[in-house]
């Protein structure tokens, strides 16, 4: 005999193998698609950042609200197996629809490389996302509960281990997809014009979802399937409503108190249902503080990503596809789940400490809170290195001498002398009211006043090149370049305008003695070409290389003429690159991942173990609802409290979670663990006894002579 046979493998039911593989493929499909959504909205559909982000968050929230619907269908109507199969079909169709919506050639009738009927693509993608939200949300509570159903009584330790393996599958799928799908997107494909390959990048998740469905159906003969027990949720709501109404009717002191408020439903509902509802309500009450954990956890994708853009370090696998922070989290999960499960928990047990589910969850919340303290410390370090930008009533000015002589510039209370091709070391800050006059002098000759209305709250560059020639340029950069990119602009000292092409982006018509707008580039060395009709002689080279760009810097490249008429390049730094290394974010990611492992895996298992047999999916959905509420908290807090300092927001979140953690610990102290199967077995025995008594009572009396 091998270790595995039809019924089990290493003491586990063989059926869970299909469930774990299904979950891995489904999560690969979901996270792979989600990793591309923002880029798809911005670059293909052409929405701005705000609309893209709003649609994205709405979609994610929907994915965590639909589990309630899936749980009701499973527990009341179709059963878990049929619910998973039917909603997986909906899900696969949704993935296919969004892949079709991203095919550029679908409506590109004139073959110019851009779709002619954008609303059709938008409509298709919205239909696809709605189907995906219904599918992924609907099957979420059912798959984990269905996996738990496969275990027999007395297999608690294997079931607990299953929830860890299940969580591992979620994160392994997420990890691989967030690495692979951006790589697929940067491939070029298309029939009439080559574009970023969204159909392939969305198509692979769609194929994985189809595989997930096939794998799940193949295992059909091995699953333990429980029949749904009618409209459970309807009974629960009616029973709770009747208990409250009945209690209110009998509120005077002449009626004796009952042990539990739900006991007031005994007049109408049977004891089994009442005890099942008691189990669910006690767990749901415990869930009230939990969304705060998710409010912190879900900021990895938003606030922490933004924090990373103000830091230095190789954040890209290649220059065009950013590595998601999700990836960092998923890598750590894949490492930490087995370590915690196989090493840390057994060690704690050996020390004789009773590390119950609720204690684990309390520790998880504490670790997440500490992660935000670590994030705040990193933020303070970043803030020390950030450039100072002008306030609303200030202007900042930098002088750049692009002429051939020495220039002196007189500011109120300050005098600056610059040699040819040089600039002031930094931006000078002036109060608008006190900036009364600026004068330029060349070699002590005539003084020319600068007559320019400076815009408040902005940076300006004063270009000077001859005694009475100057130009004031508004920089347009009032913050570090976003997403860790680098701003580059060009100043032309030739007498005629020219175009510059850098890394595929074109600076059109950079006029004489003027500066272009900034354009933004990822890290690395960039090559650029100057194209001019007349002024550059044939023998001159017109291809140049930029310096090695890092993260979050900005430069001005001045193109001047050498004595032989050829162009020459001078580089000036406007904003220094980021200096704090991204490695400093590792402690906060490590802490929040450890928190997630002990909090989330335990929560899944706790929700299953404490739920009565007919409400397993409903309680899993309740657990997922805490994630949705956590997302909503982030939107409310971020919207309501506009903090001038980011570190202060991190500390606020850490403090809130710490308070919630203490409240949860007190609530957990008064929670009594139950074994729903035992309680239900007692009712079964009582029912059997009753039915036997009924049989005996209906039998005719037997005469003594017959006996």
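The count begins at 1 with the first shown residue.
Including glycine, each Cβ sits where the backbone N, Cα and C put it.
TrEMBL entries are annotated by machine, without manual review.
The transmembrane segment annotation in TrEMBL covers 54-74, 81-100, 120-139, 160-180, 200-223, 279-297, 328-349, 361-380, 589-609, 621-644, 650-671.
Counting same-chain residues at least six beyond the ends of the transmembrane segment (328-349), those with a Cβ under 8 angstroms from any Cβ of the stretch are 161, 164, 167-168, 171-172, 174-175, 178, 300, 355, 585, 589-590, 592-594, 596-598, 601. The transmembrane segment (54-74) shares the most Cβ pairs under 8 Å with 120-139, out of the stretches 81-100, 120-139, 200-223, 589-609. Tallying C-beta pairs under 8 angstroms between the transmembrane segment (120-139) and each of 81-100, 200-223, 279-297, 361-380, 589-609 places 81-100 first. Touching of the transmembrane segment (361-380) and the transmembrane segment (160-180) is ruled out by the presence of fewer than three CB pairs under 8 A, sequence neighbours closer than 6 excluded.
Residues of the same chain lying 6 or more positions beyond the ends of the transmembrane segment (200-223) and with a Cβ under 8 Å from any Cβ of it are 6, 13-15, 17-19, 21-26, 28-30, 32-33, 36, 40, 81, 84-85, 88-89, 91-92, 95-96, 98-99, 102, 146, 150, 177, 180-182, 184-185, 187, 189. Of the two recorded stretches, the transmembrane segment (589-609) lies close to the transmembrane segment (279-297), with three or more CB pairs under 8 Å once pairs fewer than 6 apart in sequence are set aside.
Using a Cβ-Cβ cut-off under 8 Å and counting only residues 6 or more beyond its ends in the same chain, the transmembrane segment (279-297) has close neighbours at 236, 240, 262, 358, 361, 364-365, 368-369, 371-372, 592, 595-596, 599, 603, 606-607, 610-612, 615, 618-619, 622-623, 625-627, 629-634, 637, 653-654, 656-657, 660, 663-664, 667-668, 671, 674, 676, 679.
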